[in-house]
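Only one structure is covered here, and it is reproduced in the block below.
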Amino acid sequence: MLNYDKMEKIGEGTYGTVFKARNKNSGEIVALKRVRLDDDDEGVPSSALREICILRELKHRNVVRLYDVVHSENKLTLVFEYCDQDLKKFFDSLNGYMDAQTARSLMLQLLRGLSFCHAHHVLHRDLKPQNLLINTNGTLKLADFGLARAFGVPVRCFSAEVVTLWYRPPDVLFGAKLYNTSIDMWSAGCIFAEISNAGRPLFPGADVDDQLKRIFKQLGSPSEDNWPSITQLPDYKPYPIYHPTLTWSQIVPNLNSRGRDLLQKLLVCNPAGRIDADAALRHAYFADTSDV
């Protein structure tokens, strides 16, 4: 790491320690993500290196740039563009109120980043407010894109914090192993509701069972009628027939009817029925975004 001066530790990410650093040559501030691998004896898997090389090609204003990959001994250090805060910290600064224009701008940027990455056949698989970063001029950027495929999604973070289930779709909670872009669209829906409610999570489940119950109590329990092949999923088990008791206008009171319509198109239990990022960007909710 001869080219970088470490300034301070920013935190513990899902995959390892993150430092704020300065590029000695250019003076630019960057984020260094040091990836810890489960089996250090093995070194860095070639599959991980292949995936990471793909990520270097992702260049979009709503995706955090991966500038460089430094591979030494058993360590892999990823050099990313630096952002001041994540969406979770941004929520903390709001005092419980998010104005409609800011909410729409954040969601628009999230979907633009997703659309770009999905067009390049890269999934995120672990979207949450902690890996949506915001820089000083209010641009939202998706971080950690593709790392789940390169390194797997661990059950626990490097810091022993449990990886959250709050943004996982029902198909994944039921053990689905074949992912497509729909996994990210569900997460985007959960984040959309959280943005609208100024940081209050939509489905804050304690474990897989509680997570599924919370989802089905709001959306209604799925069945073979509205989700063919649900019973074939590896960890499927039947749940009671839940009927929603709260309306969407009660759950996201700050979201207008167009926003609620988009939210319901994102939060479809059957992955085949979920709206994709491009269609979401064409939704009427974004029709009046000349101000964004």
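Heads up, the Cβ atoms here are built off N, Cα and C, so glycines get one too.
The record from Swiss-Prot ties Ile10, Gly11, Glu12, Gly13, Thr14, Tyr15, Gly16, Thr17, Val18 to ATP, and of the options Lys33, Lys59 it ties Lys33 to that site too. With the fewest other C-beta atoms within 10 Å around its C-beta, Glu12 stands out among the recorded positions Glu12, Asp126, Asp144. Within the set Ile10, Gly11, Glu12, Gly13, Thr14, Tyr15, Gly16, Thr17, Val18, Lys33 that the record links to ATP, no two Cα atoms are more than 14 Å apart, and one pair reaches that distance.
Rounded to the nearest whole angstrom, the C-alpha distance between Ile10 (ATP binding site) and Asn131 (Mg(2+) binding site) is 13.
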